[in-house]
Structures are given as C-alpha cells and as structure tokens.
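One structure is given below, encoded as structure tokens.
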C-alpha cells in the first residue's frame, strides 16, 4: 500500500512559546498561505506525537484488554466507560481549573458593573475620589472581559483535543476489532453498522468532553450568584432563582426526550443508509430489472419515518432554544415584580447587577449543565453500542508455519472434520482438488484458513498459507500495491507473475500502467482483470500452501487455460496447491482429486483411480473419455510421486496446447478501463442563490416573508422589555430626587399610581417576547426540516434516474457520503445552527443599537472595529473553509478503507496483513483527525480569541466613554449599554462562528443540490407506450448501432448490424473486452446507443425505459440479492401469487433450500444475501427470470461461478422454460453455447462472424475455431461433436430471413424488418 501522503510540515505548536500558545500566534503563517491560495494537504502540519492514532489506540486497547480480563475474573460484564475514565481522567481534571477561573470572573464582573452604575446614580461632579474609584471599576470590567476571552478559548481548545484523542483511540480499536471478527460475529453486525459506529457514535466523545466540567462548576456558580443577589436585592432574588431551578429539570427533560428521539432516528438512519448502500451497489441490476419504483418506495418509507422523528426532535430543539432565549426575561420579570410588590423602589444599579448576574449564571445553568447531562446520556448509549461491538466473537488465531527444527513438506491434514457441515477425511500433500457442487468446497478452504470454526476432527496446517478468493477483492490503491500487498518489489519476479497471470497486456493499455489507481471495489477493472489481480496477489507471496478458490471462473476459456498452465502448473509447480474448480478439463493435471457433494466427501484419488471407481463424478467426465483416447493427464506436477508415461498423442496435444497459449499471450485482448474522477471540492464562497434554493425547498415565498417579520418582532420585543426597566428606574430616580421636596406636604399619590401602569406594560412586553420567541423558533425549524426532506427526495430520485455510467465513475463511498454525512447535516445540524445564527445576529444588532442610542458617538470607534472584524472574518473564512473541506475529503478514505477491508477480510487474514491494514488505517486517521481536524479546532480558536479581543475593546470604549461623558448620561442608560456590551463577549464570537458554520454546512447543501441536478436517463415512460402484449415474438434487430458508455468515451460497439430471430438461441462469444457486455448495455439502453435497435418492429429508443426493461429478462453476471425477505427479492412489486413464487423456486430447485429457512419466504436475508452461495444466488436470479415470463432472455456470463451441476440445471431450465423465447447467452464456457442456433462472434466491438456453430467451426482461421481449440484437445473434440449433432438435428428453415453472406457481412432482407 502506498504511503497515505507525503511528509507534512512539522507542527509549530510543539515549539511555540507561552504567549504564542495562549493567542495561537503560531498559526499565523498558515493563515497567510491560506489567504494567498487554496490550502492543499501538504500545507497541513504533521500530527503531534501525542495525537497519533496508533499511540492513542494502543494505550486505550491496553486498558480495555486489562478490563476484559479483570471482568472475566470477577464474572461481570466489562465496562468501557470505566476504561475511558481510567485512561483520560488526569489531563482532563487539570482543565477543570480553567473552568473555575472563568466562572469566578463571570460572577465578579457584575459586581464591578454595579459599583460603576452606582457612581452615576450618586453622581457628584466635585467628588474626585469617587471618580477615580469609578475608573478603577471600569478597568475591572475591562480586565475581566480580557481574561475571560483568553481562558475560555484555551479551555475549549484543550478539552476538544481530549475529545479528539478519545475518538481517535476508539476508532483505532473498532477497526482493529473489525479485522478480527469471526464469521459468526460478522452475521451479527453489518458493514453499515460498523461504518455508523465510526462516523456517528464516536463523534459523541468530541461533544461530551466540552461540557462535562460544568456538572460541578454549575451548582457552585449558582450558589455564589445567589449569595450576591441576596446582598443586592434581598429575598426577592429567590423568586428568580426558583424559576431557574424549575427551568433546569424541564431542559433536562427536553434533553432526555431528545436523546430518545435521537436513538430512534439513529436506527432509522442506519436502515436508510443500508438500503441506500444496496441500491447504489446493485444499481445496474435495479435498472435492468426496472425495479427503481419499489426501491424508491422502500427508501421513501424509511425516510418518512425518519423525518417524522427528526421533525419532533427539531420542535424540541426549537422549544429548547426559545426557552433559553426567553429564560432571562422571565427570571428578571419575576424577580422585579416581586421586588416592587414587596414595596421596594427600583434603581438602575440594582436592576443591571441583577440582570448581569442572572445572565452569567443562566448560560451555565440552562445551557451547559443540561447539555452536559444530555451529551452524557447520548455518549452512554454510544459507548454501549461500541462495547457490544467490541465484545463480539473474534476469530481464533491459529499459528500456521513451521517450527524451526521440522523442515518438512508443507501440508494440510484433515480428519473427520465437522464444520457445522459434515465429515471430510483426507490429507493433501502437494495437491489440487475439485469438488463439483454447491458450497462445501469454499467452506473447506475457509476451515483450512481458520475462518470456519470446526466442532471436532483434526485440522493441521503446516506452512504459510496464501489465498485467492472466489469473488475477487481489490482495495483502493494502485494495481501494483494490490499485487505486492506489502511485499517488496522484485522486478524479475514481478514481471514473471504478471506474465503468468496474463496481466502484461492489460498493464500496457492502462493509462499509468500498473500504477493506475483502482477505485472503490476495483470499479475501474473488469471482472476478469480483478480475478487475475487477485490471483497475482496470491502468487506473488512466497507461501508454502496455495488455496485457490475457483480463480478460473471469472475469465474465459483462453485466459483460463493460460492461467492454469503458466501460473497454477507453471510458477507454482513445486508448491502444494489446493484448487477449487468447476472446470473438469483441468482435472487430469491433478495429483489427487477430492469430490465433495453436499458436504460429504464422495471420492478421492487420482484421475485414473477415480475413472476406475466410477463415482458419480465420473459421469461428468464420461463424455470426454468416449470421445478422445484416454490420456492420463498431460501436464503433471513435478513433485508428483507417481511417474507417468506420455503416450504419443498426448505429447501432440501438449505441444498444441502450449502453442495455443503462446499465441494467446500475444493476443490476449485488452480491456477498456475507466478511471475514477477526483471528488469535486467546490471553491470560493457560497452564493445567495444557494440559500434561496435551500429555503425555497422548504416553503413558498409568502411563508418566508412571514418568517422574516416574526424574527424582527421577536427581537424588538426582546429589547423593549429591558429598555422599559431602565426607563422605569430613571423615572423612579427623578421621583426620588424631586420627591424630597414634596413629601413634606404628606404622602404623594403619584408614586402609587404609576406602579400598575409600569408593571402592566412590563408584563405585556414580557408576554410578547415569549410568544414571538417561541413562534419564530418553531416556524423556522419546520421550514428547514421540510427543506431537508424535499432535497433528499430530489437527490434520491435524481440518483435513481442517472445513467449507470455515473456509478462507474464515482466510487460508492462518495455517493453514500452524500446520503449519510451531508443529509445528516441537513437533518440535524444545519437547521439548528441556522436558527441559532439568525437569533444571535439580530441580538448583536440590538446590542449595538442600544449602545448607540445611549452614547451616539460610540459609532465613531465602531467603524474601525467593524472594518477590522470584516477583514478578520474574510481572512479567517478563506483558510477555515479550506481546512473544513480538507477535513471532509480526508474523512472519506477512513471509511473507504474500512469498508474495503471488511470486504476483503478473509484475504487480509490469509495474508496476515492485518497489521499493515491497521497501520494504513492509523495513517488515514492521523491525516484526518491529527492533522485536518486538529487544524480545524485550532483555527476556530485563533479566530475566536481575536473576535473576543474586538469585543473587549468595545466594552472598554463603552465603559470609559460613559465616564468621560459623565455629565450627559443617566444611570439607567449606562446600565443598559454596559450590561448589553458585556453580553457581547461570548455571543459575538459565537454568532460569527455560527455564520461561518452555516456557510460551511451550506457546502453540504451544495453537494446535495449538485446531485439533484445530475443528468438523467431517458424518461421511464413516454407518450409512446408499446402495446401491452409486446414483444409477442422476440425479434431483435440491430441496425448500424454504435455504442459508447459516455459521450467522450471510446466506442465499444462499432457499426453493428444483426438480427436475432424469434425463439432463437444465440450464443455471443468473443475475447475479454470484445464488447459482449456492451451489447447488453446497448440493448437495455444503460447508455444511449447511436443507430437503431428494433424489438418486434418497435424502435427501442422511442419508448420509456421501464417499458423496455421490464419486457426483457436478464440473468446478470454477478447475482445480486437485496436485504429484505425472499419474497421481496423475487417479486418486489408483489405482482405474483404465492403459488407462482413456489413454482418458480421449484423449477430452479431452490424450493427445498427456501423451505428450510426459518420463516420460509418471509425470511429476511443477511446483508446482500451473503447466506447463500454464489450458485444459489444465481438460481434466485434465474427464478426471477422464470417469474417474469418475458419473450427475451439475456444471460450474461451467468454460469461463470457455478459448478457443472448447477450449470446443467440452469441450461435445462432455460431450454424448458424459455423454449418460446429469444435467448442471448454471453458465454465464457463454450460448452454452454455450442448447441445454440447461432453464434455471434465479436471482436473489438465488431461482428467477426455470425452463423451456426458447426458452420463456424469449418472455418479454421476464424476466432471461434481458435477458441474451441484452446479448450484442450478432448474438450475441442467434444464441442465439435455437440455442434455437429445440433446441426444435424435441426430442421433447416430457408435461410432467407437474414444470414451471413459469403463475405461475412450481415445481409438483412425486408422480411426481417
């Protein structure tokens, strides 16, 4: 595997001095670069050693293993929470000191404020001492703001880093665990679930660490505030505190409810992403079957449930936010109502000290404390999920390999092995083996690999194993790294392996040779190429024993023969190999043959022994023996203990086959390769148009205008309520000043009068604030969640309708990322952030407006401050956006790596590559968390410190400004202005960061919108509907068809003219890459072909895709089953009765298998049907075709992975059930099509020949003849015989309706059309 990235720059934070650490100055160079140009991965700093994934993961793993052992001793379940606490409590506890300092200052600051306002109340121009004292208090206010700014951000930065460390360590453990899962455990979990643990559950650690400390700081601070308030306004403060205390449990209750919704939503999201995963992986099949509608119904159904949960939790969020917004108002209102009713008089200093103290404690008590509880409970759920995963069964590591002293032959010994299947008893020395049927052969290999636990019996493996899986697995990376798989490169050996695996030619044709990057799941390679890369990987390893699970099935006969001779019997000839194969022509080369049937060993022995014993398997070979003289295997393995005599003819056949291979190598055909496009990283800022698109997705224009009005009304009510208090205090002041004169004439009545009036208006304003505040929150959330829903539906429909080419070019991970990460943002994070930002933005405007109304000249210093701020924001966002994008692009590889590892689990373990994959995972993690995420944290803190600096300056100007203008201002206004200015502290930087957040999250909207505007295929239904019983005959005509997968791609079918007559069985052959599969794609219009294709005289390009695709059945190359019931898999539209379904299963001999399932038809299959063998899945596909009863059946290499039995069954079913149909078979094995009516030979996208097989065989220069010769002498004779038989038994129709002229071109007569 290549290194994940080139060397990064060293991290300057390690060497930075104290000042630089506090103000994050060491980041300045990065911002300078980011301002000039786009940041790339190389600009990121190297991960700090203490943040390294491996180091953190290993440390936590040590603690966890220790806990598991201890728990086993004490007979209790292990506790993951305990492990986390033990591992991280020390550094985290130290950070608590910061929190304490911060909260103490928050409490002291209002006291200074109150003293400052008192100076204005008792204002006496001559009293200089009081003025100096006031200056001291003003300085106190300013200093405390500054200290707050610094400690707050240091605290947050370090806390988030602790969270990051926990997350990284957890991911490391989860991946490590995933690599050791046993097969049983794999059944209990799914790839989607593991990915979800890695993408969502571990993120809870990032969130929980921020708030935990407030669990103890909160109550302390509340107590301190209560004391101060008591001194200031006496017992009425208890009323306000009571409200606070009532608010806390309500918010906690909200939190509880919220996490309940979250876990329900999470389950539904899991579900939706799993379904999406299958839709995207099986999109080809879904399109060919025209099954888009049931799948979209399925996804929409899950999505609807998910949205209803999200809507409820959003309303909760809205209530929560609104109550937070209104809490301070209610508290102050109640406190002062009680205060006044108790007969006290109101004064400015009292009002604003109380207001400030409440706002100081309110944040902690109503936001941080409940958040801590909520996040804690969420984290506990996540930790529980992770723990369940970490406790799944692991595979038992068996130690293969020699002990030093016994240098003996590597071998595998098996006696009475019962692996939940049945007994096998045998020793393989250097041997090759052949079972003909269903599943035990792969199971046998899995037992040898140690993947399958066995109950009893002996299984000894001496020597190093290597393994080539049946379904080829490649991981994202270059082809070279796929073959070397961690071994060093030895050029000669490497060349030899490439040549033996027939990859030389393919490499020459790839754009970068063997350094071409393969996409996700090897998207750029064809099936055959993947199989050969898979084989090459096994061959390149120097192992003692080679387990080859059907490596020859995915390639055609010619390449297969080459692989067998050059590779399996060539390079590997001195090694024991265990070869599972369904292709009997290779049996003669075996030293020992083992025949398995339904888990029992039926026979074993050499080829000739088996022939004599006449076991059932021999009936499969009978044909060959009768036709050719008995040649005991021509090629033998050199270490074979039996010497063989070579009869004359076998020598001839030997040389001929070698000759054919030699020719073959020269002309092994090339296959076209598509490369993966880079993921688009959108540039620059986000336009207004995107916001409009987003909001309009949620509501129409009128509603949006209403929302805007609501926002302004709510904010106005909010400010007026405070202003009224100040005004009231001012009037009271005037009364007190003038009152001294009047009170001598008895009690003045006016004082009593204004109370009801002032209180009434105050109450009214409070009520208005509440109503508008709640209304705006709920309405906003409603609009935004609806927007998320409609965007998801549009994106999903657009994905379903886009041409298949899109999925070849974009790796699955990228498409799924849009559905999981981006839609997740739109559902949960974005609405909340958006609403938050708007509220805060309006509040900031309010603060500035209030300050300006008190001291109009404050606007003068405001101008430079705003300019500095705008510059800072632009400067910051330029870098921050890049950092954020880097963070999301470096995240994808972590998940791609995980899912590709899970797919190739057996291979990775057989090659003992776990360690290396773990290291690569750690490298990806370091790149993501240690570098880009770390930068993301630091950059946001850098910015926040500077913003809070601006606020501190603003507070300073306001405070000293009031003192300088002490003659013109009233105490009430000073109080209002100053207490508002102080609230700016946290709020301003939070608001700006939220605005940046919103902009960043809008990239998710942008990515989703990008996918809602994909080019779409032709419409599913058009005006022109074909008649319902069409096609009644099944006549297919290609007329000058050119076909390429994309507008700029190479043309893969060139000027094709052909007629497939009704009820005709046509075989389509050609070397790999000749355009066989493209012919199917053209027929199904997976991309639009040029030229005309008629079916029964209807031009296919004129009718809707569904009308076309539903009328043709296909048995695809790789059988796909979807998670869901068996019934859904056969008949997603529920168009057929039970009886039909059972009959179809009966016909493909799956009835017994399905009846054994626990719920028969209703059994839910495991992820993508992995509890069926490939052959059985193929049969399910056949059953689908049987059910559809169409006139046209296309079989695409369907027999590639199937043993002769199943193969015969499929052939038989096709001959019986589809007698009346036109059948096109794309064949890899010639015996399947040798008796078809005609054979179409393709070469490089053109028709090379098209005639009856027997006729084609008469032309000895034709490709078809050569292909038959390459199957080996006996096989060739047999094929010729069958072709002749078929030719003679056929009744000859007059050849007028389209035949091949002498020059090999197709002649189409009028009758055909």
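Glycine is no exception: its Cβ is also placed from the backbone N, Cα and C atoms.
TrEMBL lists transmembrane segment at one of the ranges 909-929, 972-992, 993-1013, namely 972-992. Sequence-distant neighbours of the transmembrane segment (943-966) (same chain, 6+ residues past either end, Cβ-Cβ under 8 Å): 23-24, 116, 120, 123, 125, 131, 134-135, 138, 141-142, 145-146, 148-150, 152-153, 851, 855, 857-858, 861-862, 865, 868-869, 872, 876, 880, 974, 977-978, 981-982, 984-986, 988-989, 992-993. By the count of Cβ pairs under 8 Å, the stretch nearest in packing to the transmembrane segment (761-785) among 134-157, 237-258, 348-370, 701-720, 972-992 is 701-720. Long-range contacts of the transmembrane segment (319-342) within the same chain: residues 233-237, 239-240, 243-244, 247, 250-251, 254, 258, 351, 354-355, 358-359, 362, 366-367, 718, 721, 725, 755, 759, 762-763, 766, 769-770, 773-774, 776-778, 832, 835-836, 839, each at least 6 residues beyond the stretch ends and with a Cβ under 8 Å from a Cβ of the stretch. If you look at the transmembrane segment (210-231), the same-chain residues 6 or more away from its ends with a CB under 8 A from one of its CBs are 92, 95-96, 99-100, 103-104, 106-107, 110-111, 156, 159-160, 163, 237, 240-241, 244, 353-354, 357-358, 360-361, 364-365, 368-369, 371-373, 375-376. In the predicted model, residues of the domain 'ABC transporter' (1036-1269) average a pLDDT of 80. Long-range contacts of the transmembrane segment (348-370) within the same chain: residues 103, 106-107, 109-111, 113-115, 117-118, 120-121, 211, 214-215, 217-218, 221-222, 225, 228-229, 232-233, 237, 240, 244, 247-248, 251-252, 254-255, 323-324, 327-328, 331-332, 335-336, 722, 725-726, 729-730, 733, 970-972, 974-976, 978-979, 982-983, 986, each at least 6 residues beyond the stretch ends and with a Cβ under 8 Å from a Cβ of the stretch. Here the transmembrane segment (237-258) has long-range neighbours at 222, 226, 229-230, 313, 316-317, 319-320, 323-324, 327, 330-332, 334-335, 337-338, 354, 358, 361-362, 365-366, 369-371, 373-374, 377, meaning same-chain residues at least 6 beyond its ends whose C-beta is under 8 angstroms from one of its own.
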